[in-house]
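Asks: Pulled these from Swiss-Prot:
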type	residues	note
DISULFID	C24-C43	disulfide bond
DISULFID	C38-C60	disulfide bond
DISULFID	C62-C73	disulfide bond
DISULFID	C74-C79	disulfide bond
SIGNAL	1-21	signal peptide
Amino acid sequence: MKTLLLTLVVVTIVCLDLGYTMTCCNQQSSQPKTTTNCAESSCYKKTWSDHRGTRIERGCGCPQVKPGIKLECCHTNECNN
């Protein structure tokens, strides 16, 4: 009985993947794609315009933004590319 219980605990941990991290893109504007592993469960992409043109920032989480900045948050790996 103890063996069965231990087996169920191990299977549960493997299935839940308790150490899971999200993979988000983190390159800026038109730079080559780069990624990072994040503890957060979402990725973001912020877009705005300034004197240099359209700017894009990508990263982990879902931050609050100022008016005039477009924010897209998503919940799958590399969804903010």
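All positions are counted from 1 along the displayed chain.
Every residue gets a Cβ built from N, Cα and C, even glycine.
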Asks: Could you give the Cα-Cα distance between C43 (disulfide bond) and C74 (disulfide bond), in whole Å?
Replies: 5
Asks: Starting from the Cα of C73 (disulfide bond), work out which of the disulfide-bonded residues (C24, C38, C79) are within 10 Å.
Replies: C79
Asks: What are the sequence-distant neighbours of C60 (disulfide bond), meaning same chain, six or more residues apart, C-beta distance under 8 angstroms?
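Replies: Correct list: M22, C24, N26, T36, C38, A39, E40, S42, C43, Y44.
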Asks: What's the CA-CA gap between C62 (disulfide bond) and C74 (disulfide bond) in angstrom, rounded?
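Replies: Given the Cα positions, C62 (disulfide bond) is 8 Å from C74 (disulfide bond).
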Asks: Starting from each candidate's C-beta and looking 10 angstroms out, tell me which of the disulfide-bonded residues C38, C43, C62 has the most other C-beta atoms.
Replies: C43
Asks: On a count of neighbouring CB atoms within 10 A, which of the disulfide-bonded residues C24, C73, C74, C79 is highest?
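Replies: Of the disulfide-bonded residues C24, C73, C74, C79, the most buried by Cβ count within 10 Å is C24.
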